[in-house]
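Notes to accompany the following structure.
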């Protein structure tokens, strides 16, 4: 057996252990060697396959993590978050699914009792009609809001302007096919041109513009990422000005959420003065609604605990301070301090202080119809917490949806059954009344002539 010295020791020992067996011939020895080689090869192959699988999983994990990081960077710094819900997407889960759900929702809305003595639907104030980022130089937008058809355009000088949509010549819609010429808007029908003051300054085939031909213009301000126009039923110049908050100089835009709400405009900001609703509607965790469905899990999953106070000023603003704590069992895991400033009927600014830095939210409420509001929240933050700011766009939207669900099916109650805790609601309604005036279009007239007054 001199040749055994050439085999690995494991094989040599195995072969030696077989010497006691009756079959000790060369054939049996060869078979044992083959089986041991096969077993070693199988083990080595299994190890190789296992290591390959682990390596493959690790590569996939790293690729996923890298892609996730790139996505977060992209949505935080390059392409802001945009979260939008149409009117029919929130608050209608009680209507069965099916191809006719849209019709059922329309029927439910039409049969809803709206209440009596509703305030005028279009109060006086500044209202956002377009997003700054969507109105490029030379572009034109068709806007229907405040019972008006509007043409919003950005001149070649970079300034945004707003005029009535219809040309005084033969009624063509300037926002549909109209062209920007310098600071002017040109009618698509006969090429009549109107300057920034609304005056017709030129038309083809004539060296002299017609006298006394003009189109209505609207006062415009750009701030908080939107284009705002001044609406006043008495035709007065703006009663107050709005400017950029100083914080925006160091903050970047992280995105916005947008909702259509079936309610009177007054009910949206009234929510702030309704302090008790915060813990009634917004205590359930954003992470899961299991605590709402199974109260025994409420403390384990966590809940939001709210404290707030609302005060009015002597002018067009009101102020609210909110503290929100997220509690799991008896432990406070996070706290947010919010300063809320209401500026007129359709503009709110929220400054948030958190453990991960400050944030700024600009809310606009714009009446698209007597009982249809467009509500937008634009979120800003410093660069270092941009990913959290992008996440906040959705978190704030999820909270706001809880209110929208209620608004989309409630009625307006002009004389509520007030209790002691509703004191701020009564005060709010008195304060908000300053935005209605003698010639404010009544709710009934707005329904009869929704886009012409």
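Glycine is treated like the rest: Cβ placed from N, Cα and C.
The [2Fe-2S] cluster binding site annotation in Swiss-Prot covers 167, 169, 187, 190, and the record cites sequence analysis as its basis. The domain 'Rieske' annotation in Swiss-Prot covers 126-229. The transmembrane segment annotation in Swiss-Prot covers 53-73 and rests on sequence analysis.
Around the Cβ of residue 187 ([2Fe-2S] cluster binding site), the same chain contributes 167, 169, 172, 174, 178, 193, 194, each under 8 angstroms and 6 or more positions distant in sequence. Under 8 Å from some Cβ of the transmembrane segment (53-73) lie the Cβ atoms of residues 387, 390, all in the same chain and six or more residues away from its ends. For residue 190 ([2Fe-2S] cluster binding site), other Cβ atoms within 10 Å of its Cβ number 13.
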